[in-house]
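Asker: Please find one structure pasted underneath; my questions will follow.
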Amino acid sequence: MLGLTRKDFTLFAIVVVLALLAPVLLNPFPVNSALGQTFNAGYPALMQRFAIFGILVVGFNILFGLTGYLSFGHAAFLGVGSYAAVWMFKLLSFNIVPAIILSVVVAGLFSVVIGFVSLRRSGIYFSILTLAFAQMSYALAYSVLTPLTNGETGLQVYPSDPQYLAAAGAPSGPHFFGLPMAQATTLRLGDWAFTFQVGYYLCAIMLIAAFYLSIRIFRSPFGMMLRAIKSNQTRMNYTGLNAKPYMLRAFIISGMYAGLAGGLLAAMDPLTGAERMFWTASGEIVVMAILGGVGTLIGPVLGSGVIKYLENIVSKINESVLHNALAFLPDGIENFFVTVIHPFVGEGWHLTLGLLFMVIVIFLPGGLVEGGQRLAGLFGRRSTATTAADRDAARQSPAE
Amino acid sequence: MTRSHFSRRGVLKTGAIAGAGLMLPTYLRAQESGFTNAPTGDTVTFGFNVPQTGPYAEEGLDELRAQELAVQHINGEGDGGMLSTFSSKVLDGTGLLGKKVTFVSGDTQTKADVARATAQSMIQKDGCIMITGGSSSSEAIAVQGLCQEAGVIFMAGLTHSNDTTGKDRKRNGFRHFFNAYQSAVALTPVLEKVYGTDRRAYHLTADYTWGWTQQESMAASTEAVGWETVQNVLTPVGAGDFSSYIAPVLNSGADILVLNHYGGDMVNSLTQAVQFGLKGKQVNGKDFQIVVPLYSELMAKGAGSNIEGVYGSMNWNWQLQDAATLAFVKSFGEKYGFPPSNAAHTCYVQTMLYADAVTRAGSFNPCAVVEALEDFEFDGMGNGATLYRASDHQCFKDVLVMQGIASASGNANMVGYDTLSIVETTPRAQVEYADDHPMFAGGTLGECAVGA
C-alpha cells in the first residue's frame, strides 16, 4: 500500500492516527480536574511543537540514523529556515506557502555549503565542524548580521512592514490562503474539551508527509547506500563507489527537513530569534534522536515528543501542584514525598531528562523503540520477539 | 516490495468519512463568551511568566515573590499591603468580581522563544486571563505581541527598553516600569552638576533592544548638555568576560564610562572596569568616572563595593518614606525576610492595577480593562501621583537618581539594599515626553483584541 510493505504501512498508519487524533489523545483528563490541569498536553501550541520537532528529528535521523554521521549543528538549519520564513512574512504577506517554500530552499542551500565543507571529514571531526558552523551562524545572527536578524531582540513582523502581496482584509497573522493558522474550534464533551486548530493540522499533515518520505528513503536503494556508508565506508570505496555524493545528498535532505521545521515554527508564531541556533538547541536534537531510537523510523517522533512533553508539562509542576496532588497523604509523609519529588520537576526537569537519558543509553541503546520491542517480546507472542530481534539484527548490519 | 489491499473506492469513502468527522466540531462548537479565557468557575487565573533560570533569573524570582504577594492581598490574605494606601478603593480583599485569584508560573529561561512558548501554554492550557512578567525587554516585547494576538492583557514587569511602549507598543500591553529615555533625562542633570559639561563618554552597550535604546537615550541627553560621545561598543548579552572591551577604554581619551548593561552583565563589566583601575584614573585632568544608567538592588548586591560613587537610576526604592512604600516593604519583608527590589515592586503594582481595573470595569473583558486603565490617574503605590497614558500605555511618575555608597549597616545580607542611596527624586513633569517623540515613534497601539 502506498509503496510500503505491510509492516511499514502499519507504522505509517499509526503515525497518521496519532497525528490526526492528537488533540483527543493528549487530553485524556477532564479540563478542570487536577490531573487535567497538570498532565493534559493537548493544547495547540504544544501539539504544534510535537509535530514540528518530530519533522526536525525525522530529518536528522535520515543523516545520523542511516549514515552514522553525527551532525552537531542541525539547529542552524532550523534557525535559517525560521529567518527566511519571517522575512517572507515581512516582505510578501502572511501567507505561509511562500514562507515555507523559501525556508526549505534556503536551508537546503545553506546545507549544501556546510555539508560540502564538513563532509571532507568523518567521525568526530565532522561533528566538530558542524558544531563550529552552527555556532558561527548563531554568532552572525546574534550580533554581526543584526540588520538582517534584529540580533538578540529577535525578528518579528511589524504593521509598518511593506508586505507587498498582502491583500486587503487578509488575516493579520499567518494564514493559508485566507485560512488563519490560529483559527480553532473547541469540542466540548461533558467535562472534556478538545481543541482542533488549523495550525496544528497543517503541522500534522507536514509531519505525515515528512514521515512518509522518510520511510521511502529508508527503503530505497539510496537508503541502502547510506546504510552501506555507515557499516563500512572503506569497503565501499574499494568497490569503486564514491560515497561523498550520497552523503552530501543525505545531509541536504536532512537540512531541508530542518528548514521545513523552522519555517513551520515561524508560520505558527511569526517571530524568531538567534537562540534557536544555539548549540544547546543542536544538542537537544541529538538527544531526541537517541532517546527515541537512532535509525528506527518512529523513534525520532517518540523522542521529540517525550522531550517536548517534559519541557512543557513536567517543568510546570511546582511545589503547590505537588502538595495538591499528594494532599491525601498525612502531612509528614506528604512533605517528605514533596521534598523527594520536587528536585525532579519544575525547574529540575533537566535532571529528570538527564536520568532518563542515562537509563536509556545504558539499558536500552536502541532507545524507546527498543524498549517497546522488549515489552512486546515480554508480553506478546514468541514470534513478535523473534521478529523484533530480527529487525534489530537487520538494522545493525544492513550491508553484511 | 509493494503490496496494496486498498481499493480506490475504499480510500475515497474512508477519506470522506474522516473529513466529515473532522468538520463535525464546527457544528458542535459551544458559544463562547466573546473573549479569550473568560473565567467560568469560581476562580480566575493569572499567568506569571518570569525567568527563573538564565542571566536575569535573580530579578525573575523576586518578581515572582511579589506577584504571589499581590495575589494574596487581592484574595484578602496577609496584611493587604498597598491596598490600604492605593487611591482607588474598589479592591476589598475578596478576590476579583467574586472569584478567587489563582496563578500559574512559568520559567522563560531569559529567552524570548521560551517565553512565548510558556505564555502560549498559559493562555491555551491554563486559561490565564492576564499575563505579567518579563525581565528582559526582548522577552517582554515578544510576549506582549503574543498577548495582543491571543486577546489577553499583558501587564509588563521589568522591561526598560523604549521600544516596549515605543515602536512595539500594543493596545493589550501596559508598562508601569520607567524606560531608558526617562532614565537618561533624570540622570543627566545630576551628572552635569557633579561632573560638569566638558566630558568625553565611552559607551559599552548590551547588544539588544534595551541596550540600544538606553545608549541612544544617554548619548542624546548627555550630548545636549555638552558631553562628547567618544565611542559606542556593542557587547553580547551574557558575555561573562568584558576585559577585551574595557581595555580599549583606557586609551580612548574618554573620561566617563557609561555601562549600558544590566543584571549579571553589569556586575561583571563594572567589576572588571574597577579591576582595570578605571575608577582611580586621571584623564584630561579629571577623575575618571563610571555611570550605570539602570540600577537594581540585585545588581548592586552582585557588584558589592564596586558601585561606590557610581550614579544610576531606579523606578522605585524600598528606602522611600511614603506610606505606600512602608506598607509594601513591611508586608514583603514579613513574608520573605528581606526588602523588595524595584523589579518586585513594579510586578506587585502591575498585578494590583490589573485587579483594580477589572473591578472598576466590572468585567474581565480585555477591552473593558484597557478602557479602565487608559488615562488612569492613581496614587499611593509608592511612586507618587502616576498616570497611565492612553496614547502609548506608559506610566508617568517620578524617577529616582541613585548613587552607590558604602554599606551603612555593615550587614552582609543587606548589601545591594543599603548600598544604594537616593540622591534625587526627579519629578514626573521633567521625564514626560510626547508620545511621538523620535525615540518612541513608529509604533501603533492598534485595536484592543479579545481573541476568541
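Numbers run from 1 along the shown chain.
Glycine residues also receive a Cβ, built from the backbone N, Cα and C atoms like all the rest.
Please treat TrEMBL annotations as automatic predictions, because they have not gone through curation.
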Asker: Do you know which of A:10-33, A:322-345 TrEMBL annotates as transmembrane segment?
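Answerer: The listed stretch tagged transmembrane segment in TrEMBL is A:322-345.
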Asker: Are there residues at least six beyond either end of the transmembrane segment (A:246-265) with Cβ under 8 Å to its Cβ atoms? List them, or say none.
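Answerer: Hits for the transmembrane segment (A:246-265): 48, 51-53, 55-56, 58-60, 62-63, 66-67, 69, 71, 74-75, 77-85, 96, 99-100, 102-108, 110-112, 114-116, 118-119, 202-203, 206, 210, 217, 222, 225-226, 229, 272, 276.
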Asker: Counting only residues 6 or more past its boundaries, what in the same chain has a CB within less than 8 Å of a CB in the transmembrane segment (A:99-117)?
Answerer: 73, 76-78, 80-89, 92, 129-130, 133, 174, 247-248, 251-252, 254-256, 258-260, 262-264, 266-267
Asker: Excluding the flanking five residues on each side, which residues at least 6 beyond the ends of the transmembrane segment (A:285-310) place their CB within less than 8 Å of a CB in that stretch?
Answerer: 8, 11, 14-15, 41, 46, 49-50, 53-54, 56-58, 60-61, 64-66, 70, 72, 74-75, 207, 211, 214-215, 218, 349, 352-353, 356-357, 360-361, 366-370, 395
Asker: Same chain, outside the transmembrane segment (A:351-369) by at least 6, Cβ under 8 Å from its Cβ: which residues?
Answerer: 287, 290-294, 296, 298-299, 302-303, 306-307, 310, 314, 343-345, 392
